[in-house]
Amino acid sequence: MWWWFRFSITIILVPVILAYPNSAEERLLSYIFDGYNSLIRPVLNASSPPIEVFFSLAFVLLINVDEKNQIMQTNVWPTMKWNDYQMQWDPREFDGIKTIRVPPDKVWLPDIVLFNNADGNYLVSFYSNVVVEHTGDMLWVPPAVYKSSCLIDVEFFPFDGVWDLMDAPGLLIDERSKISYQIKIRRKALFYTVILIMPTVLMAFLSMMVFYLPAESSEKITLAISILLALVVFLLVVSKILPPTSSTIPLMAKYLLMTFIMNMITIMVSVIIINVYFRGPATHIMPSWVKTVFLKLLPVLFVMRRPESTEKELAKMKREKRERRSMKSALKTFFKRADAKLIDDQSKQALINKDRTGSSEEKLSSDAKKAIEAIEYITTHLTHDNAFKRVSQDKKIIEHEKRRLKNISSSCPLLFTELFFQQREEWKFVSVVIDRLLLYLFFGVTTGGTMGILLSAPNVFEHVNQTAVIERLKQQAAEEMLNS
């Protein structure tokens, strides 16, 4: 309860003490404002020289930079000094008072207008008191929050959020009524380096991995198109950040455009590589220069060796075995029919000879017939024996020819199959060599483009000492105050 009472007494009594009238200051205010008109310019006559107003600007805070709309919002303290001859007095007559503070609407004020205003508010936001010296010097420091239109140089984006204050020089235009302040700020690139640059660089190098994927996996074009869509998203993000200006192209946009073009080339080349991979002797004949370049020279240069495929060899052997079996059964059927026909022909020939002998028997006597029958009996048996001997000899020859024909017939499909798969493997190896060549080529182009574009900014590794910059600006302002 006691603390509450003490607090209440303090709140009530302090205003009373502050409101206690100072007779000297009251007389001073009555003296200087007697017959004073704030609408009249404080000069002795119309022929007097113009009033010299000293103007300076204290840059307090950079609130926001809208890159898209090119608007900068700042918190500043403009400082104005001038001399009003009507505000002079002798301090000895007013108890030594040398300085007073009066409301700004009571005295004459210079007109302050921000030419490149972006929100329509051309005046200061708060009218603070004016400090009046006994010599007539007036000091007015009103705080203000300005939204000013500014031209943003996006050439070195994102190396140009968070900003570093580089300089804030003042420039008097026409030496009379216009003062121009150029506030130079530069973006701190760490944020956009982590959020925008690093993912783009990683995607640029990831697109090269398309050439490391085997063509038979059917994922080369899928990976390239996925990276292409991601780059389109990043291009949209950059377009939303930067103003739609055509004066310069930002570094980030150049790099994204380069990566976009490289990715498009990757997709087109991948289609060609897949086409080469699935070529065969039935549709394409490999030129001699392709064999020389892609099967002899480049593999040696890239230290590549054609791999031995066990699975393909096993599959090849199985196919050859099936082909030999089918050919063997076909030939067996053929030669059985040939043997049967040959035996029938031999038998028919023997019967014909017998008929011819029988037709001449009717002209002979009975004794002769008996002799002839005995001879025929002997000759018939001898003839059959000779026929069987000839047949057996012919069968041996046929068996020998059958074996030769089987060897030839079994070798032909094997040679054809081996040649077919050899040419297929050559086309596949050509596609692998092209992949390796483009992998090295795109790696060099991507690395060179990344270094050339992103490192072309003049201040990538430059560190700005904000404390030193602020101290330098303060020193310049102090020197200007002394000179004035």
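Backbone N, Cα and C define each Cβ position, glycine as well.
Annotated domain 'Neurotransmitter-gated ion-channel ligand-binding' per TrEMBL: 25-160, in sequence order. Taken from TrEMBL, the feature domain 'Neurotransmitter-gated ion-channel transmembrane' applies to 196-397. According to TrEMBL, the feature signal peptide maps to 1-19. Sequence annotations record features per position, and here TrEMBL assigns transmembrane segment to 43-63, 189-215, 221-243, 255-278, 284-304, 437-457.
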* Structure fact -> For the domain 'Neurotransmitter-gated ion-channel ligand-binding' (25-160), the DSSP residue counts stand at 15 helix, 52 strand, 69 coil
* What parts of the chain pack near the transmembrane segment (255-278), using Cβ distances under 8 Å and only residues at least 6 beyond its ends? -> 200, 203-204, 207-208, 210-211, 215-216, 220-221, 224-225, 227-228, 231-232, 234-235, 238, 427-428, 430-431, 434-435, 438, 442, 445-446, 449-450, 453-454
* Asked: Mind checking which residues reach the transmembrane segment (221-243)? Cβ under 8 Å, same chain, six or more beyond either end.
  -> 67-70, 152, 154, 157, 196, 199-200, 203, 206-207, 209-210, 213, 250, 252-253, 256, 259-260, 263-264, 266-267, 270-271, 274
* Who are the long-range neighbours of the transmembrane segment (189-215) in its own chain, taking Cβ under 8 Å and residues 6 or more past its ends? -> 157-162, 223-224, 227, 230-231, 234, 237-238, 252, 255-256, 259, 262-263, 266, 270, 273-274, 277-278, 428, 431-432, 435-436, 438-439, 442-443, 446, 450, 454, 460
* Could you please provide the mean pLDDT value for the domain 'Neurotransmitter-gated ion-channel ligand-binding' (25-160)? => 82
* Same-chain Cβ contacts of the transmembrane segment (437-457) under 8 Å, 6 or more residues past its ends? -> 156, 159-160, 197, 201, 204-205, 207-208, 211-212, 251, 254-255, 258-259, 262, 266, 269, 273, 298, 302
